[in-house]
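Encoded as structure tokens, the structure appears first; notes follow it.
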Amino acid sequence: MKADRLPHRYQAFVPMTLPDRTWPDKTLTAAPRWLSTDLRDGNQALVNPMTPARKLAMFDLLVDMGYKEIEVGFPVASQDDHDFVRLLIEQDRIPEDVRISVLVQARDELIRRTAESLRGARSATIHVYNATAPLFRDVVFGISRQECVDLAVRGTESMLRHSERLLADCDLGYQYSPELFNETEPEFAVEVCEAVMDRWEPGPGREIVLNFPATVERSTPNVFADQIEWLDRTLSRPAWRCLSIHPHNDRGTGVAATELALLAGAKRVEGCLFGGGERAGNVCLVTLGLNMLTHGVDPGIDFSDIDRVRRTVEYCSELPVSPRHPYGGELVYTAFSGSHQDAIKKGFAALEAQAAEAGESVRDRDWRMPYLPIDPEDVGRSYEAVVRINSQSGKGGVAYVMSAWHGLDLPRDLQIEFARTVQAVADATGAEITPDRVGRLFEQEYLSTADATKPLAVRHVPVLTELFVDGAGPLSADGAVRSGELDSLCTTLAPWGVLVTGLEHTGPAGKSQDPGREAAVYARCTFPDGPAWGFGRGPDLHAAAFSAVRAAAARAGETSPEPTGVPVAGPAAAERG
Ligand SMILES: CC(=O)SCCNC(=O)CCNC(=O)[C@H](O)C(C)(C)COP(=O)(O)OP(=O)(O)OC[C@H]1O[C@@H](n2cnc3c(N)ncnc32)[C@H](O)[C@@H]1OP(=O)(O)O
Ligand SMILES: CC(C)C(=O)C(=O)O
């Protein structure tokens, strides 16, 4: 097909006119009523409809998350759907504060069997639908407008008749959906709904849920919002009808359409976790709920273990959730690119500093974090995978991994240098460099493998110009505590052939070193051919510093078989001796 011919096959959606719309000036301040239709719209769209075990796993998840309205199936569609409804009722698996609902077409015999399937339920909603859009009236049903109204009214009458006989003890709710509402002439949708309400007679203690589906999403979200605002203004009995929406995602704007429709007056939303459902799915309840949370609005749903939600949805639907899915995808809290990593690392540092200053925990502080709209820990994800390393990464990311995974806070110059090594490996392999590998690369590059008890054998005397103690920052000559440490270090290192000179305050004054911890030291030494960094560990500062100097010398190609300096052994050996 030639691209220039394609537009002629499609017509622009003709929106309704609502020049005095008010929804654009509103904000969302409270969560709507939620209904999960994972077990109905979600299930009916699967290659393999859920087995009873999978349905139960989904039902339990939805209950645990706090959904209070759950559409559990289309009981007359299949024996499995019917049996599942019976199982929930007979095994008393429905918590008292949860209302199940079941869908059925506006067909008398099917409604009778649906009512039967609910026998013994404490509370339940029967949801009747028929398509109202012109295309469906003309092509699918071959009926006039009046016949379409009559179909909806007859469905409502069937529902009344059968439920009075079969479900006298049930706290029974009624929901009606003009299927394809968004493609229906608005005045006609209202005409059908008014006729249904006339028959159901909503009033105190007798609500009707009028559910308006964007069965196939056809327009931009603002058009749907206009439709909903107009409906809300026009439909009678506002106190006794709940204006519900059931958006699909055919244009990929289901979430936006829902949010605007909520501004426009919708009070209830039907959708599926991670956007399951027919075609491109129903609107995603996870995205909607967490969008609210990140604006400070309590969604009333527990998303604190998002991985359980994702795993259960994947198990039940046998479909993968995209790694990029908002809030729940495997990669959505992960930055690979250098500038993002740098900003996140600084963001965490700032948050920790603010928390320390206020004497609070980080989790008590407002979340203000570059590139991360939500704290991963709020949905049960850890910080470890926030930064991952590949060829797009930079020093900030490498430093983050060294700190988060290996507990090493590299000095800035060393971060820059080491990031080049990591970058070279990433370029050569074209693949991700795992945190383990980053750690091994660091040790291979900067840690001395020489026996710490052996003498430092170098061609030229190393001049130690920078020394950072891990966890304590730069060792400087300008602080009272530091100068004592420095003097003692000079005293120790000088006889071992290390010239300590010009050690300056090169960064913010560090904390005191954790006394119980093995010392880890970064040393920068100057040799005739240039400077080199080394890293050393040891039982104390002196041993670690000596080891770091040794590593720097090795990296500078300064090691020689014969020692030219005075020393014959390092501090570690001296201590033992
Ligand atoms: C947008 C949605 O998601 S709606 C939910 C869709 N879900 C499903 O369809 C799954 C459950 N449905 C089914 O399994 C089947 O349709 C059954 C078992 C309920 C009924 O099966 P059957 O009667 O054998 O077949 P079928 O679905 O083809 O029936 C279509 C008939 O119902 C009519 N019909 C379709 N929808 C409705 C409706 N909402 N109200 C009244 N009649 C309807 C059609 O016009 C058609 O009538 P015709 O046979 O006179 O042309
Ligand atoms: C039956 C209705 C609510 C539906 O699923 C739809 O129109 O998408």
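Heads up, residue numbers simply count up from 1 along the chain you see.
Cβ coordinates are placed from backbone N, Cα and C, and glycine is handled just like the others.
Marked as domain 'Pyruvate carboxyltransferase' by TrEMBL: 32-307. Mean model confidence for the domain 'Pyruvate carboxyltransferase' (32-307) is a pLDDT of 98.
Taken from TrEMBL, the feature Mg(2+) binding site covers Asp41, His246, His248, Asn282. The C-beta environment of Asp41 (Mg(2+) binding site), restricted to residues of the same chain at least 6 apart in sequence and closer than 8 Å, consists of Glu71, His246, Glu270, Cys272, Gly276, Gly277, Glu278, Asn282. In the three-state DSSP reading, Asp41 (Mg(2+) binding site) counts as helix.
Feature annotation from TrEMBL assigns region 'Regulatory domain' to 449-577.
Residues or ranges marked as region 'Disordered' in TrEMBL: 555-577.
Local packing around the binding-site residues His246, His248 was summarised as the count of other Cβ atoms within 10 Å of each Cβ; on this measure the leading residue is His246. For the recorded Mg(2+) site, residues Asp41, His246, His248, Asn282 set the reference point as the centre of their Cβ atoms, and the other residues of that chain within 8 Å of it by Cβ are Thr37, Pro213, Ala214, Thr215, Pro247, Glu270, Gly271, Cys272, Gly277, Glu278, Gly281, Val283. There are 31 other CB atoms within 10 A of the CB of Asn282 (Mg(2+) binding site), with all protein chains counted.
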